[in-house]
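Only one structure is covered here, and it is reproduced in the block below.
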Amino acid sequence: MSINEVFRSFKAQPVNQLAKIQAERPIWFVMVGAAIFLILSAIFYFQLFLAMAPCEKCVYIRFSQSCIVIAGLIILINPRNNILKTLGLLLAWYAMIQGWIWSFELMKIHDAAHMVVDESMDFFAAAGDAAGSACSTEPRFPLGLPLDKWLPFEFAPTGGCGEDDWALFGLNMAHYCMIAYATFMVCLAPLTLGWFASFMTDRRNTIVYQTR
């Protein structure tokens, strides 16, 4: 099937095409790969190469990205299994929404810290006080998971929120995290719709078959 034929069939029956896409593994490999890329970028580029110590919100964001990976792996076991798909989608939506919230909170802290810096002659004292007052070195992960003890290099906060000055095209790390989560959600929404449509169709077919 050519690309033009794919687009024509998608235009004619978008929900059916989404149902087919979400029932196969490739799209979920993409989701897992994207989340792994974000995690590895944070660890190897920002933490190791740029020597930027992760803050409390940063490790929470890593946790949410790890949840996206786990959600994708659950679905990849069998994308056609409704129980696995439900568990995976619930975890993925939780991780994306919560990750966006943590990123938004980090952005607000970053803005507040740098606002204090702009009004102070002492950059390090002002940024440290503003960021440190909003962050903790003892994170509280969901379900009480001691990830900072199990994997301290990845999940133990050693920096203050908002202390970094990294920016690209005028946007800081928190902004890009918000964009990443928003992109995840925009992509997951039609896949969720496709799965739900497929689930309801299968259910109706089962009911019709049982009533014959």
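Note that Cβ sites are derived from N, Cα and C of the backbone, with glycine treated the same way.
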Cys161 forms a disulfide with which residue in Swiss-Prot, given the options Cys135, Cys177, Cys187?
Cys135
Other parts of the chain folded back onto the transmembrane segment (177-199), taken as Cβ under 8 Å at six or more residues beyond its ends:
15-23, 27, 31, 34-35, 38, 61, 64, 68, 82, 85, 89, 92-93, 96-97, 99-100, 103-104, 106-107, 171
Euclidean distance between Cα atoms of Cys135 (disulfide bond) and Cys58 (disulfide bond), Å:
10
Using a Cβ cut-off of under 8 Å, list the residues of the same chain at least 6 residues beyond the transmembrane segment (59-76) that approach it.
25, 28-29, 31-32, 35-36, 38-39, 42, 84-85, 87-89, 91-92, 94-96, 98-99, 102-103, 106, 139, 141-142, 147-148, 154-157, 177, 181, 184
So which one is it: of the disulfide-bonded residues Cys55, Cys58, Cys135, Cys161, which has the fewest other Cβ atoms within 10 Å?
Cys135
